[in-house]
Amino acid sequence: MVKSKVKKVEKGKEGEEKRSTYVLLKKVLIPILVFGFAIYAFYLRHLTAGKYFPDPDTFYHFEIYKLVLKEGLPRYYPMSDAPFGSLIGEPLGLYLLPAAFYKVVSLFGYNELQAFLLWPPFVGFLGVIAVYLLGRKVLNEWTGLWGAVVLTVSTANFSRTFSGNARGDGPFMALFIFASVAMLYYLKESNKTRKIIYGTLFVLLTVISLGAWNGSPFGLMVLLGFASLQTIILFIFGKLEELKKFVKEFYPAYLAILAFGYALTFPGIVKIGGFIRFAFEVFLGLIFLLVIMLYGGRYLNYSDKKHRFLVVTIIVLLGFGGAYAYVGPKLFRLMGGAYQSTQVYETVQELAKTTIGDVKAYYGVESGNGLIFFLSIPGLLILLTKYLYDLFKKAKSDNETLFALVFYTMSLYLLYLAVRFLFLASYAVALFFGIFIGFSMDVIEKMKENIGIKAALGIVLSLMILVIPFVHAPVLARSARALKNTEIEVTGWEQALKWLRSNTSKYATATSWWDYGYWIESSLLGNRRASADGGHARDRDHILALFLARDGNISEVDFESWELNYFIIYLNDWAKFNAISYLGGAITRKEYNGDENGRGRVTTILLTQAAGNVYVNPYARIVIKVIQQNKTRRIAVNIGQLECSPILSVAFPGNIKIKGSGRCSDGSPFPYVVYLTPSLGVLAYYKVATSNFVKLAFGIPTSSYSEFAEKLFSNFIPVYQYGSVIVYEFRPFAIYKIEDFINGTWREVGKLSPGKHTLRLYISAFGRDIKNATLYVYALNGTKIIKRIKVGEIKYMNHLEEYPIIVNVTLPTAQKYRFILAQKGPVGVLTGPVRVNGKITNPAYIMREGESGRLELKVGVDKEYTADLYLRATFIYLVRKGGKSNEDYDASFEPHMDTFFITKLKEGIKLRPGENEIVVNAEMPKNAISSYKEKLEKEHGDKLIIRGIRVEPVFIVEKEYTMIEVSASAPHHSSE
């Protein structure tokens, strides 16, 4: 008996030693493994680092980051919304973080760009560490490990933390997770010193996170939701002492977060001041509820859970009712900015509503199977079951468990709202994936089998889970390497923008479709002011779309009011032309994206490549054939098994027109036009078949209006092309045809000889009337003007009703002749912030009605001018065409832009080349804006949608516009 007892004791000691060794190994090895995976996460995310950024918005963030390094806390960005610039709308905390990171890594030789490329992968590295710490705090070490492993290779997480994507949601989430870990330790810790440290970290990290992203209200709402639920649950279950302890610890910390966060809104480090005020009001409501909970027992029945629950329910319902009455429907629109219902936002993919296909793609392993997401659901069920069991059996509401449940629930709510939140939810999904595996490992560890069997089971489970990173990491790496070769480098944008940078004035402006505005502005590329980009002047998107998608007079936009110099056409925008056509009013909502069942959607433009006698697009399964039958030709478009006949086909060269039936072999309509060139076939929906994009992108001179194509090509002159990018110089006033009166006959000429001429000039005024203008001819040798000849005047010419002008001129001997129109027009770009009475104001809306004061401007010009300074109003609005409401599938929206001068502020201002500082006393008349708004509302009623109202400072000078340059030829006649 004694011997057997001794053996049992020895075996017990041996088991204890094995268990202690196992625990020690786990505590040491798991953190090492996590650190290794975090480094691997950094490696994967840094594979995208190259010359440029794969994400277009990051070009803008890079520019503001450089301004922060240069100026500290800048307020103004001069390159957007040309020629005015814009206030910086993003929180400066987003840029202070990588700027601080640069200060550290610059010690090791990294420059500004290299540090900026390192920053997002470093955020990814931190995110992996943060999820590990949160997982081990919520459940166990295994949870932290497997959450970190999954986050390392999560496509959803990679999508916002790869090098070249420096948006704010990445650093916000990493900081918020660290803050949450600090909060949970703070609430648990009993040691006073450590409690102060954790509490300080909680407040500090949360406040910093508020400055990282304008979506940071998510963090405040998670914390407030957690606090509200914990307060209510502890009260209902009668845990008043725990409630008092929780209130004493959490409430002051949350109040400090709101106070410090709001204080940082004044220097612009945090930009969610309105939401902080709202959160404070909700927090006051929670405090009011708390007071009733703690002190209402004197008057209310708190005898049991049912009565306490009833009291809370009534008060909460009353609170919601009061909040709804105070705030309105937007009470339920948490993060509503992510899914705003405007026509522009409808066309932005990342703001679209999330589908199950998106979830599967972003949370898939090797393919779009959504495995990571679906394995997080058992984690939710496990933790929810554990929480409810502890709550109802032990009256215990664990901070860690409740917080994790609130975090996951609110993350999934946002994931449901918009595609962009697939990233934000990646942390919660990884955490609950880890909870599922961590719980399974915990079950194995607590089994009664010997440690060898348990270890074997644990190893098998671990190997099964390790399949995820081993299988998906190579997929992610291939995607990352593909992203490194950016669209800029392979399409011609790099060469075109560097040409623009080298061959135009530093004050020149350019535009394209808004997606490319940040490339135009970037100091790495164009370094020129852009009229529209991905974050500014969103009202102008409709005007750009109107120009690109339409034809004829309606498409004539007053680009001169934007002081536009260059328009860049990207041939690949045919793939975006559904969105462009919709925003430009060319097609209806149904034609853009289909009805509720997806029916009615059209493809506006499709390209095919010439291959012998046919034109092929293998991806769309389309073949265009030119069929010769006897002496006639017909065009057949094969779509799968269908054969269709377009309404019209036009073959170039020769402008040969071939009419068709506009129907397919099954009798369905086929409302398309086909253009065939030697290398390319263009299939265009009939509503956009003559659009300006078709003209400028493919050089097809098509229009529904006589001579409009010729006019357009005179106003937009190609000056550079590389790959799929064409740079056009914009001329507001141009001559598209010159006729010379020779021997009693008008003859069109392309050259002019020295001597006397009677010329008929066909003028195209694009989007702007000619008023009190003078016509000149400059005779040039090279770039030197040898003679300036006045040839005529134009008192007024409506840009929609141009007519030819007859002039008499005697031309001297010269190499070429430049025709000039001189009339008043805008000049200058703002180079610094606009101040009214010393305060920086919005440069595109500088004064309100009835406001007056000292106006300070900085304006840059290329040469000397004498200018008058005006306040000008610009209204950009849509008028619904068709449909009974704005949500009707048959509705289309026609863009309009109206401009008018409000008042002259000062005349005779001397502007010199370079930057000029101008100070004037300004006064904005009353009712100048409101009266015009009322006029539009009266005219259009509920069909009116105002997209932008501007009050802009404009310098008006006598300005010379080049209309055409013609080469000289040898003298050969005299005019009669």
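Including glycine, each Cβ sits where the backbone N, Cα and C put it.
Note that the structure is predicted; figures quoted are calculated from it, not measured.
As written in Swiss-Prot, here are the features:
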- ASP57, ARG167, ASP169: Mn(2+) binding site (BINDING)
- 347-350: motif 'TIXE motif' (MOTIF)
- 513-517: motif 'WWDYG motif' (MOTIF)
- 573-580: motif 'DK motif' (MOTIF)
- ASP57: site 'Interacts with target acceptor peptide in protein substrate' (SITE)
- GLU350: site 'Interacts with target acceptor peptide in protein substrate' (SITE)
- LYS576: site 'Interacts with target acceptor peptide in protein substrate' (SITE)
- 1-21: topological domain 'Cytoplasmic' (TOPO_DOM)
- 43-112: topological domain 'Extracellular' (TOPO_DOM)
- 157-165: topological domain 'Extracellular' (TOPO_DOM)
- 187-193: topological domain 'Cytoplasmic' (TOPO_DOM)
- 237-247: topological domain 'Cytoplasmic' (TOPO_DOM)
- 291-306: topological domain 'Cytoplasmic' (TOPO_DOM)
- 328-360: topological domain 'Extracellular' (TOPO_DOM)
- 382-396: topological domain 'Cytoplasmic' (TOPO_DOM)
- 440-453: topological domain 'Cytoplasmic' (TOPO_DOM)
- 475-976: topological domain 'Extracellular' (TOPO_DOM)
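Positions of Swiss-Prot features highlighted on the structure.
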residue: ASP57; record: Mn(2+) binding site; Cβ neighbours (10 Å): 16
residue: ARG167; record: Mn(2+) binding site; Cβ neighbours (10 Å): 22
residue: ASP169; record: Mn(2+) binding site; Cβ neighbours (10 Å): 23
residue: LYS576; record: site 'Interacts with target acceptor peptide in protein substrate'; Cβ neighbours (10 Å): 16
Given the recorded Mn(2+) site (ASP57, ARG167, ASP169), which additional residues of the same chain have their Cβ within 8 Å of the Cβ centre, ordered by sequence?
-> ASP55, THR58, HIS61, ARG160, ASN165, ALA166, GLY168, GLY170, TRP213
The average per-residue pLDDT within the topological domain 'Cytoplasmic' (187-193) comes out at 95
In Å, rounded, how far does the Cα of ARG167 (Mn(2+) binding site) sit from the Cα of LYS576 (site 'Interacts with target acceptor peptide in protein substrate')?
-> 24
In the motif 'WWDYG motif' (513-517), how many residues does DSSP call helix, how many strand, and how many coil?
-> 4 helix, 0 strand, 1 coil
Restricting to the same chain and to residues at least six past its boundaries, which positions have a Cβ under 8 Å from a Cβ of the topological domain 'Extracellular' (157-165)?
-> 41, 44-50, 52-55, 58, 117-118, 120-121, 123-124, 127, 151, 362, 422-423, 426-427, 430, 476, 479-480, 483, 486
LYS576 (site 'Interacts with target acceptor peptide in protein substrate') and ASP169 (Mn(2+) binding site), Cα-Cα, nearest whole angstrom = 26
What is the separation, in Å, between the Cα atoms of ASP57 (Mn(2+) binding site) and LYS576 (site 'Interacts with target acceptor peptide in protein substrate')?
-> 18
Residues sitting near the topological domain 'Cytoplasmic' (187-193): Cβ under 8 Å, six or more positions beyond its termini, same chain?
-> 246, 249-250, 399-400
Where else in the chain does the topological domain 'Cytoplasmic' (237-247) make close Cβ contacts, counting only residues six or more beyond its ends and a cut-off under 8 Å?
-> 187, 230-231, 290, 293-294, 305, 308, 391, 395, 397, 399
Conformational class of ARG167 (Mn(2+) binding site) under the three-state DSSP mapping = coil
Cβ-Cβ under 8 Å with the topological domain 'Cytoplasmic' (382-396): same-chain residues at least 6 beyond its ends | 138-139, 233, 237-239, 402, 404-405, 432, 435-436, 439
